[in-house]
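Database features, via TrEMBL:
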TRANSMEM  24-47  transmembrane segment
DOMAIN    63-193  domain 'Peptidase S54 rhomboid'
TRANSMEM  67-90  transmembrane segment
TRANSMEM  97-117  transmembrane segment
TRANSMEM  123-143  transmembrane segment
TRANSMEM  150-168  transmembrane segment
TRANSMEM  174-194  transmembrane segment
REGION    200-220  region 'Disordered'
Amino acid sequence: MGLQGQGYPASRSLKRRQQRKSGLRFAGGFLALIWAVFILQLFFPWLQGFGIHPLDINGLPMIFTSPLLHANLEHIISNSLPGALFAYLIGYSGKRVFWEVTTFVLLIGGLGTWVFGGIGTNHIGASGLVYGWLAYLLVRGFFNRSIGQILTGLILGFFYSGLIWGVLPGTEGVSWQAHLFGAIGGIVAGMIITSDDPPELAAKKHAKKQAKAAEKQARR
């Protein structure tokens with residue numbers, strides 16, 4: 001009993017270390033990727049053409065490349081710090097959670113921008129991804145009933161409340177469509193994915209699922 005009691009905090013500490021490493025990997029990876037592409041753009045300006053071109057069928061695959069491209073130094077700097085922070089917080093929950101959330105944001109945000117972005121425009125920048133990650137972090141605690149995640153969302157909401165204006169039209173040269181639909185993608189991710197559920201909630205869901213399966217089997 002004594003040995004088990006001593007091992008529990010150690011295993012908990014190890015898990016947190018692994019979570020921090022996971023978060024740092026995704027934050028660092030995000031920064032390394034967008035800055036590497038930005039440096040390439042300095043030598044190959046035509047890369048900006050790989051943004052989202054609304055209602056252009058040939059440009060549909062660009063929903064995956066547009067977040068990597070930035071118009072200028074100010075543009076990429078504005079996305080770097082919040083993007084790295086949100087990538088860390090989501091990556092802290094594990095790589096599966098990170099990739100599931102990012103996929104929802106890229107698909108919903110990208111397709112929404114492609115449909116409603118306006119013919120003849122070119123949408124680039126990681127801000128749609130940043131908005132999606134933030135939206136997910138704001139709402140996920142309410143869907144998986146995690147007090148810690150709710151508190152994290154409230155703190156982020158306080159510090160980044162000014163970003164809400166970015167989902168509204170009006171500022172020339174700003175892709176409010178990418179912001180809006182990216183945020184919608186993040187909210188949908190918070191509603192649907194279960195890989196970020198706390199262990200207690202995951203156990204309850206599993207038990208409920210087993211009970212339903214047993215009840216269904218008994219009726220046969």
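Counting starts with 1 at the first residue shown.
Cβ coordinates are placed from backbone N, Cα and C, and glycine is handled just like the others.
What TrEMBL says about a protein is an automatic prediction, not a curated fact.
For the domain 'Peptidase S54 rhomboid' (63-193), the model gives a mean pLDDT of 95. With a threshold of 8 Å between CB atoms, the same-chain residues lying at least 6 positions outside the transmembrane segment (123-143) that come near it are 30, 34, 48, 50-52, 54, 66-71, 75-76, 78-79, 82-83, 86-87, 89-90, 101-102, 104-106, 108-110, 113, 117, 149-153, 156-157, 160, 163, 166-167, 175, 177-187, 189-191, 196. Here the domain 'Peptidase S54 rhomboid' (63-193) is broken down by DSSP into helix, strand and coil counts: 100 helix, 1 strand, 30 coil.
The stretch with the most CB contacts under 8 Å to the transmembrane segment (24-47), chosen from 67-90, 97-117, 150-168, 174-194, is 67-90.
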